[in-house]
Each structure stands twice: as C-alpha cells, then as structure tokens.
Amino acid sequence: TYEAPCRYSPNCRPCLPNPCHNGGTCEISEAYRGDTFIGYVCKCPQGFNGIHCQHNVNECEAEPCKNGGICTDLVANYSCECPGEFMGRNCQQRCSGPLGIEGGIVSNQQITASSTHRALFGLQKWYPYYARLNKKGLVNAWTAAENDRWPWIQINLQKKMRVTGVITQGAKRIGSPEYVKSYKIAYSNDGKVWTMYKVKGTKEDMVFRGNVDNNTPYANSFTPPIKAQYVRLYPQVCRRHCTLRMELLGCELSGGRFQHLPQIEISVRLLCSISLVLFFSCLPLLEPQFRVNSCQNDQELFCSKNCES
C-alpha cells in the first residue's frame, strides 16, 4: 500500500510500477481505504476483482449454463458443456428437430443399406428407404437380408449437419414383431472414412439401447453431438430380423431451426396444357426437390417442393 506521505511528495507515482494484477488499470485517486490514503485505484478487467484485481471471479457461481449444461470456470471466462440437444454459449438454443426422414425431406436415394430382405419369392422387398419413422403399409420398414452378418443403414444428409439424436422403431413382418434391440452409430463426412461414436472419455464404442416392441419409438441423444454429413446405424442385437424405422434429430451447424413457412401457390402452364400447382413448403435443410403425388391429363398436378429459405 501507499501511505499518506506519498500524497505530498513531488516524486509520488503510486501507479509505477503498476500494482494491479491480471491486466488491471491503475488510476490516480484521492480515495482512502479506511484511514489510509492509497493514491490509486485498480480498474479490473471483466473476470477479476479484488483491491489489486488479484482474484479470478468464478463465473459459474451465477449458473450461466441452462438446460442441464455443465459449467467450467476458466480464467476470466467460463464454458458450458451442453446436453446433445442444446447448443449456444449458455446451452440456450435447442437443436433437436427432425431432419426429414419421416417427413420425406430426405429422399429415397439418400437412404442406403448393406442389404435388403426379399420375401415371397422376391416379390416383397424391405428397402432401406422404407426405414421412415411411423411409415404405414404392409411393407413399412427396412429389413436386412437374412445372410447379412454385419448389417447397417445410413443416411446422407447432403451436407454437414449437427446431429443430436436418433429415434428408432420396429415393425411387424408376416404378423410377427421385429425390431433392433441395440445398435452402434458411426459418422462420416465423405461416406468413406467412418468414425464410431464412443463412450465419452474412452475408446469404447457406444452401444445404444434400442426398441422393446415393434411400434413404440425410442429416442437416444448424442452428447456430444455428431457433426457430419453421413450417419450410419449398425444393429447389434435384433428380435428375429433386423427391422427398422427411424428419424435423425438435429439442426444446421449454425443452429438454424426448421420452420414451415407460409405456403405460396404458383400456377405454371406446362407444354401438355396441364396446370401445375406448386405448394412451396420451405425448410432450411436440403437442396430443392420435387415429390409428385398425382398427375392426370387435363387436371391439376399437385407437387410439393422443399427449398432453402
């Protein structure tokens, strides 16, 4: 400390050398600390306090991390480790919307698998692109071939996305419940080099719990989330056959949410004189693609288009 006599000394320089720590700024002051004239005050940068800015503030005491995020105090800062479905500085932003398998945003060509089960002399085929959550019909799921010892199914999201979870569902085949009881997850940015999702802090592959019946959806979250273009699911234990319906959850890398925008009706006259009515339902996800529901001569052709907003 600087005692009162320095106040009247022509050589009094209380800020030389700088008594303030951690980048604090020393300012000449007429202030007293108790009965003592100190001649200076330390202006502390954010994250520090104390007479000489000597104390690092514990920002985690204010509980800045929301939605179950885990706070780590840093030097003049903090960080939040967010649950898989949340992101942002304080885990304040949800990232758990469906990525379009059930809704059809993900096209048939984007869903591939190691094999396809064929029944009834090959007439009944359980294709990979049938693996859409809540799909209806007699053939309403993907089933791996019986001789496929290492089955997998993968989704190409067409660009790198933040994937925070997956929902799985079984189905009935020939009246019998079939489903995936457990599975592993891998991811890739090029569809060639794959990384298995690991148990946090280990080199052990994470085995996710799957379904317990043929119809009830079961969700698992990825903490930390996956950032990749391709996601692959490897069934580990299956009831009867590996039969699956599914949906991926997540958002854009930037955290953009998927929102249905108001429909815009545009009428276009085709060469065949068919009135084409397009209903644009825009989602900030994938490149534009058309899905034709019906088309008859001299009638309206209804299509839906998914596009980037």
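Backbone N, Cα and C atoms are what each Cβ position is placed from, and that goes for glycine too.
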Cysteine paired with C91, where TrEMBL records a disulfide bond, from C82, C95: C82
How big is the Cα-to-Cα gap, in Å, between C91 (disulfide bond) and C44 (disulfide bond)? 28
For the C-alpha pair, I'd like the distance in angstrom between C53 (disulfide bond) and C82 (disulfide bond), rounded off. 30
Lowest local Cβ density among C44, C82, which the record lists as disulfide-bonded residues, within 10 Å: C44
For the domain 'EGF-like' (11-54), the mean pLDDT of the predicted model: 83
Using C-alpha atoms only, work out the spacing between C44 (disulfide bond) and C82 (disulfide bond) and round it to an integer in Å. 30
